[in-house]
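Colleague: This is the structure I have questions about; it appears just below.
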């Protein structure tokens, strides 16, 4: 199984980052994608990926929350990172109109610039969208024919948004959000709508610890070693074999990010 979304640069992992990676290996993961969400965190993510060759890779990009910081210098830094062999996607990029930590116009400018960069470098995009589905799709659609692909990371949207993203040829990333009986039931019901070859799985650790997991850690921190629980639950709700789902979602990630086949 492949973890497409781990925020390994988070300070929550400062005391045991190496052990977190080793526990992921022990849990049966074949690889992980470390998320870059700002210029500095993209640098750190790439360095961390370097420490675990053939197991960790990274993205390079600027999250919509950080879009106000996008400028020519940041773009140059992301471009410099993105040509490195273990940086396999542009992002996390997109729109977030839920909190608007950056003004909408700055978010749109940073998103469009990163789509242009992905086209230039022929890299897939690692996408974020919250409460902005229609505008997100409008900005993204003209670029898709010139991109290798993209995944909507940590999808928590509506059925209408899911159908829209699938119609655009995007892959869908599902997290432990779906394990939350308070807010994940609608998403749970939508799981069978996602074609198996478009589904990817992720923890988004250290966030989104699955609520239905037994023996949860006292610190409430999520980590990639808990991905098997998400695989098991998603397989249950889709009516599929967990090992089959683990394998096909692994293959999907490796295909999108142009990685070698799992061993």
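Cβ coordinates come from backbone N, Cα and C, glycine included.
Here Swiss-Prot flags 92, 128, 153 as divalent metal cation binding site.
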Colleague: Please work out the number of neighbouring Cβ atoms within 10 Å of the Cβ of residue 92 (divalent metal cation binding site), leaving out its own Cβ.
Modeller: 28
Colleague: Taking the Cβ of residue 153 (divalent metal cation binding site) as centre, how many other Cβ atoms lie within 10 Å?
Modeller: 28
Colleague: Counting only residues 6+ apart in the same chain, whose Cβ is under 8 Å from the Cβ of residue 128 (divalent metal cation binding site)?
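Modeller: Sequence-distant Cβ neighbours: 63, 64, 91, 92, 93, 94, 95, 96, 152, 153, 154.
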Colleague: Could you tell me which three-state DSSP class residue 92 (divalent metal cation binding site) falls into?
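Modeller: Assignment for residue 92 (divalent metal cation binding site) reads strand.
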